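K.L.:
Before anything else, here's the structure in question.
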């Protein structure tokens, strides 16, 4: 029920991080650098994988889509956040809020399923290498990738649709640096119990399924690694899996803290710290974790670098 006769709010103010000018400048420089590196790393990886035919395998198809999703996540949040740091008018309409959350929720949900698919792909490659091409075909890879995007869209549609049952008639200050549904629930003058319950059910189900898939895959991978006869092979495989698992842990850990913990509607700045992890830090780290430790990707990057260098030399010599 609405809390008395109040004017219905249709616009909100994103409070962001701070109102101190000195800190704003520092934050702008830091997050702009993070965004720039994130976009160069992820989009560069997408271009390399799409251009190099020998990287058109399930593992790299998943990796390319993960890089694309990470770049979309960063683009959905960071440019607007950077603009708001020095903007006097940080006003955003309810529908703009819904649109930002819809896009953000879609790519983050797709990210969850892609990480689970990548873990399964590595499980098949390491534990059943002789059956890899039958168990992980390109057709299955495309189907799993498509399913990840469809699940992301359906998940975001459910939550955005339920936002229309809420009314906002109190404060219009969103204590966050982007439009998330939890701050909107806190500002609602209609009981958001149904929305919160649906969020817990859907987000919890997605996390249980995808995290379970990742954990089971990595457990089988670890058992296989420990049975390897070569000590160097064990160290190399364990080092790769450990770095991958670190990225997955940061991503899922922050998501769990944000969306499926008890007392979701409690106020606090802890949401912002967790949100920075999975919207800024993880997309920044993924290209380094998944590609720069990969010999095939490094070889292709060197090949591209050589081609670019030769092209530039030819252009310079032509001009001269």
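Cβ coordinates are placed from backbone N, Cα and C, and glycine is handled just like the others.
What TrEMBL says about a protein is an automatic prediction, not a curated fact.
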K.L.:
Pick from 272-292, 293-313: which range does TrEMBL record as transmembrane segment?
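P.N.:
Of 272-292, 293-313, TrEMBL gives transmembrane segment for 272-292.
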K.L.:
So what's the mean pLDDT when you look at the domain 'G-protein coupled receptors family 1 profile' (41-290)?
P.N.:
88
K.L.:
Cβ under 8 Å to the transmembrane segment (101-120), counting only same-chain residues 6 or more beyond its ends: which ones?
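P.N.:
Counting only partners 6 or more residues beyond its ends, the transmembrane segment (101-120) has Cβ contacts under 8 Å with 59, 62-63, 65-66, 69-70, 72-73, 76-77, 136, 141, 144-145, 147-149, 151-153, 155-157, 159-160, 178-181, 206-207, 209-211, 213-214, 217-218, 248, 251-252, 255, 278-279.
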